[in-house]
Amino acid sequence: MENGIKESPVGLNKNGALAILPTPLVSEGHKNHKSVLNSLTSGALAGAVAKTAVAPLDRTKIIFQVSSNRFSAKEAYRLIYRTYMNDGFLSLWRGNSATMVRVIPYAAIQFCAHEQYKKLLGSYYGFQGSALTPIPRLLAGALAGTTATLLTYPLDLVRARMAVTQKEMYSNIIHVFMRMSREEGLKSLYRGFTPTVLGVIPYAGISFFTYETLKKLHAEHSGRTQPYTFERLLFGACAGLFGQSSSYPLDVVRRRMQTAGVTGHTYGSIIGTMQEIVAEEGFIRGLYKGLSMNWVKGPVAVGISFTTFDLTQILLKKLQQISHIQR
């Protein structure tokens, strides 16, 4: 086992003579099953840790995004301070339970889908066992984000509603679903879906592309196959910065459309929403409201997310190897 040579079992054949029996191999299906489970587990943990770390900043950003009030770092600080003084420290994480209900499946699906799309595209383009070229690398990230968004979108909408409303309006996640379905119709659960997907495609594509590219360049120049933890955090931070900056206006639009039912506005389309925001608040102040906060929140969250995923993947693989050796 330790020298890398697999010993084949010896037994008797049908004639009674000694013969080498075929070695029982782990099926490809079993390997893929373990790989998928590892990716789902690592992705779920990565999403939960990252989002919890930046939840107060995320909630503050959403509140500014869905209002016409001018954003500034000073006003953001005042909002956080007022929330803390009026409602207590834990109120800064209001809506985080809804966030976890969305983020855990979203991150699990996104990271798992990314691993599967990498294999699929690698097989298609003939890059199996080696790093993908830039276009397939970008495509794998975009497809992963789109898949996760399609499957978990209503949970994102619920999180946005809980973040911008008083506790008395929606008591829990189920209450949000029931009240929206009854008062606004089932279609309301996918309100803002189009700008979300249009924003996710460049965001996820560029984020995964940047992170994978930086890791590849690092391996080529350093001679180390695995970056240190602080290097992973730095690569993830760069990925988050580029990804979120590229899709931010669509993020503002989707938040306005998601929360239209509780803010008194009636946003009907992406173009119409953009025009109304620009007319009322200006192009930069409206469509890029809260971006400076995202330049703090986004890189931190994405850095933690990618790093947690990678390290959890490595840990799970080591545990499985130890378990296999002990057998």
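Quick reminder: no glycine exception, Cβ is built from N, Cα and C everywhere.
Listed features, source Swiss-Prot:
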type     : residues : note
REPEAT   : 34-120   : repeat 'Solcar 1'
TRANSMEM : 36-56    : transmembrane segment
TRANSMEM : 92-112   : transmembrane segment
REPEAT   : 132-217  : repeat 'Solcar 2'
TRANSMEM : 138-158  : transmembrane segment
TRANSMEM : 192-209  : transmembrane segment
REPEAT   : 227-315  : repeat 'Solcar 3'
TRANSMEM : 233-253  : transmembrane segment
TRANSMEM : 296-316  : transmembrane segment
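Cβ atoms under 8 Å from those of the transmembrane segment (296-316) belong to residues 38-39, 41-43, 45-47, 49-51, 53-54, 57-58, 61, 107, 111, 207, 211, 226, 229, 232-241, 243-244 of the same chain, restricted to positions at least 6 beyond its ends.
Same-chain residues lying 6+ beyond the ends of the transmembrane segment (138-158) with a Cβ under 8 Å from its Cβ atoms: 98, 101-102, 105-107, 109-111, 113-114, 117-118, 121, 132, 173, 176-177, 180, 188-193, 196-197, 200-209, 212, 258. Across all of the repeat 'Solcar 3' (227-315), the predicted model scores a mean pLDDT of 86. Residues 65, 192, 195-196, 198-211, 214-215, 218, 227, 267, 270, 273-274, 277, 286-291, 294-295, 298-307 of the same chain lie 6 or more positions beyond the ends of the transmembrane segment (233-253) yet place their CB under 8 Å from a CB of it. Assigned with DSSP, the residues of the repeat 'Solcar 3' (227-315) fall into helix, strand and coil as follows: 76 helix, 0 strand, 13 coil.
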